[in-house]
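Take a look at the structure set out below.
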């Protein structure tokens, strides 16, 4: 059962995580575009504490992380919206976990970008 989007977005446990997740996405995109410039050289794309740098590639592939963040944001909020009528707790939980995912993704992006500076 679908709720009205207005009623859904009036819920504090849904609206605040959406705004925070969107803000984290904006910060992620801004940080990458301000620090990484197009180049012909390979850049580091993945770092592991066990093996160190284990993936290098073209500069534009660093944008896969924020694109994945946008995809998770959209999928989680679609699922949250569709579950809101039947299970508000699960819908709110999906919304809050989206912040956690976006924050961890931002930490990973900052680490990868700093390796490339």
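Glycine is treated like the rest: Cβ placed from N, Cα and C.
Small disclaimer: the values here were computed from a predicted structure and weren't measured.
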Candidate ranges 12-32, 33-53 [criterion: TrEMBL lists as transmembrane segment]: 12-32
Spatial neighbours of the transmembrane segment (91-113) far in sequence, C-beta under 8 Å, 6+ residues away: 11, 13-14, 17-18, 20-21, 24-25, 27-28, 31-32, 35-36, 44-47, 62, 65-66, 68-69, 72-73, 76-77, 79-81, 83-84
